[in-house]
Amino acid sequence: MYHCLKNTTHHPFSPFLKTFPPTKHRNSHFSSSAIPNPNDNPNHEPIPANFPCRSLPESPSLVPTSNITRKPPTALSRNRSPTFDQHNHNDIISSNKIITSCIRSGDLDSALRVFNNMTVRTTVTWNSILAGYSKAPGKIKEAQQLFDRIPEKDAVSYNIMLGCYVQNSDMETAWSFFNSMPFKDTASWNTMISGFAQKGVMWKAKELFLAMPEKNHVTWSAMISGYVECGELESAVEFFEFADVKSVVAWTAMLNGYMKFGKIEKAERLFEEMPVKNLVTWNAMIAGYVENCQAENGLKLFRMMLRHGIRPNHSSLSSVLLGCSELSALQFGKQVHQLVCEKALCLFEEMRYKGVRPDWITFVAVLLACNHAGLVDTGVRYFNSMVKDYGVEPKSDHYTCMVDLLGRAGKLVEAVDLIKKMPFKPHCAIFGTLLGACRIHKNLEIAEFAAQNLLNLAPKSAAGYVQLANVYAAMNKWDHVARVRQSMKANKVVKTPGYSWMEIKSVVHEFRSGDRVHPELPSIHEKLNELEKKMKLAGYVPDLDFALHDLGEEQKEQLLLRHSEKLAIAFGLMKVPHGTPIRVFKNLRVCGDCHRAIKYISAIERREIIVRDTVRFHHFRDGSCSCGDYW
């Protein structure tokens, strides 16, 4: 008799435990040499899913020649020599390796082309293609048909098909197939237990667990992970404590569970006790800290992870960026953001090295990464390689990225040249992007070109008129500003009035430029006048280019000082407790003078100020902004 769990007499599980006889495995001609070792370490992900995927053969040559299938022999093939047979055997091994490589890279079509051209196939060949179908969503029918065609199915064949049912069908179908299998090994049981656990059917997973003849670390990990995902932490703890073999997956699942329930000290203790940690473990701790409002500890742990030489992945970076956002750790956030961009480009290079062909979406992501990282030359090189190296025709998204990239760098002439070479008519976003760059770099000639084209495409676009008027005003061309305003009036284009708002103690306070309505306006003006004196002592000079009226300098300064975002921030300084971020929202793009002034205010008042305009979040702290002065 076989006892499923040791020392059951005094264990809390004992009321539920039963004794089962060992499953009798029938003798068969199927080779066990092709069955993957169930004790191999699969601990690359926190939940032990996809057990059948591990059945993808590593070494096709290990499959016995008794499992070779051939097309019907011809007279010519009957007369072939042993030398030819040896050559044919080598071809089988080579083809199997190619198929395996294609399946692993997700290229099922190429694998099928090799498969269909093979005159001789082994069971490994069939299993590899079956694994490809099992990994492809919506291919269960094709997998079933292929499985039925396999001449001599082995344990791997059945396990792959079982895994396919678990992933792509209901568990009832998988259960029926499992019961019909002529033999079951540890991987078969693990696949079913994992399937039920992932779908939250823990009573069935436990029933199978108790009936299973031999358990390994995958079995225990599946049960522990399942209970954690279902929110049954106590059951997860019981299984974890009683497990005779604990993989890093089980440890990480428990760590996730403790963090999920806010038991941070227990998670920390478990993390320290872990004999082996992988990237998923570190990610779980970092994310747990951030989710439990301990972002600072999360960032400290991230730094420790880097010191241990562990390279972060997208999950690590997402958690860290969220943590930076909560702490307003702007400088560290910028470094992480730069790391994200570099990682994206490294991933693209790895893609190229492995022969995976990028598509147009890939290049959009790559150009965006170059844009955010300020890698102008690299972006231009990738853009030029699209057609030349990959036959990918640039779309409007790619051109918009490139115009933005060149515009940010002040390469406005190059941006215009690129627009003129476009094989299709540019859309509004391209000219709007170019016009925004002209506003930053004060290029009147190109601004007029961009505005004219933008207004031809969208005559009612208030943004086009306003941005062009801003450029004219910055160059003191007031007659041109007046003409733009007359044109707006003639075309019945109405500029949306700018206003800012903030919430304090569940009350929303709204401010407009030159506000005369807010009940605490005298106190706000007094605070602004005080701030103006401090800012000027610190070196602030109002940028009168953003006072879009033909007035004297003193009047322009007063006009700028009464912009809605400045009114809101002054009110926030009066009402928001020190140490709490001041959060302001604006319905339009924040103006350049206000942006510069808020940087001074954040440094002088030692306050964190967050402004959300129509373009992005601006996190101001210690005299700098997260946007890098481009928005």
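Glycine is no exception: its Cβ is also placed from the backbone N, Cα and C atoms.
Predicted, not measured: the structure shown is a model, and the values here were computed from it.
The compositional bias 'Polar residues' annotation in TrEMBL covers 29-41 (among others).
For 76-89 (among others), the entry in TrEMBL reads compositional bias 'Polar residues'.
According to TrEMBL, the feature domain 'DYW' maps to 539-631. Model confidence over the domain 'DYW' (539-631) stands at 87, taken as the mean pLDDT rounded to a whole number.
As annotated by TrEMBL, region 'Disordered' applies to 15-47 (among others).
The feature region 'Disordered' is assigned by TrEMBL to 60-89 (among others).
The DSSP breakdown of the repeat 'PPR' (122-157), given as helix, strand and coil counts, is 26 helix, 0 strand, 10 coil. What TrEMBL records for 122-157 (among others) is repeat 'PPR'.
Among the features that TrEMBL reports, repeat 'PPR' is placed at 185-219 (among others).
Annotation source TrEMBL lists repeat 'PPR' at 247-277 (among others).
Here TrEMBL flags 278-312 (among others) as repeat 'PPR'.
Broken down by DSSP into helix, strand and coil, the domain 'DYW' (539-631) contains 37 helix, 16 strand, 40 coil.
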